[in-house]
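Q: Let me give you the structure first, and then I'll get to my questions.
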């Protein structure tokens, strides 16, 4: 009897969460229309890959490139609109963010033609490569519009996980395996340090996660000069530093560049895009 009641409560809670998510997507989906185009392109790639053979490779290039170009077009049509905060304060849309989203889309659009020749010569799977590039682009675009700590952490992790997989895509190469291992370890360590800094910010602001509310919370609680804020800033700086690899956090970067054989521009564009996403926030 108790199990039956708990099961009903779980179903009701799940239904409420699903309806709330559907409501947010229905009324705020237009604010993330470029991101929705990329999501649709990802789904379309998966569907075609599961129902076709290797002869349809040109379709994969066409779908991925078209998704990126359509996202760029949607951004350009949305230019000069009023700043909007949507999804209960989790996402922010304004012209400043759209500049960085445009640069991320441009970097990803250039990555695909630069990598096609090597992938075709080595006969590696093209679909997974395109999925990783599009997913990394999607994470970078959400990072540009992030307006709370959760999105600021989840979006770069989506970005980073795809970059780990891309760095080890040539798995038969020993240097590629070494690059993936070092990249994964350094990325995991930097993410841990970054979320540690976010936790200090969350606690010092009185339990706020939105960026503006964190500032207001620090002022209201008089914690802006506390040692906790210093620890938070140091942790966030170190965490972002290892992800972007500026000096003196760059020791692991040469091995990753040596391991990425198919195109050297991918780590560069990923680092630049992640830098765009992080440093537009302050």
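The backbone N, Cα and C atoms fix where each Cβ goes, glycine too.
Annotations in TrEMBL come from automatic prediction, not curation.
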Q: May I ask you to indicate which of 25-47, 163-185 is given in TrEMBL as transmembrane segment?
A: 25-47
Q: From the ranges 59-79, 206-226, pick the one that TrEMBL records as transmembrane segment.
A: 59-79
Q: What else in the chain is close to the transmembrane segment (59-79), if you only count residues 6 or more beyond its ends and a Cβ gap under 8 Å?
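A: For the transmembrane segment (59-79), the nonlocal Cβ contacts are 33-35, 37-38, 40-42, 44-45, 48-49, 52, 93, 95, 98, 101-102, 105-106, 108-109, 112-113, 116, 126-127, 130, 133-134, 137, 141.
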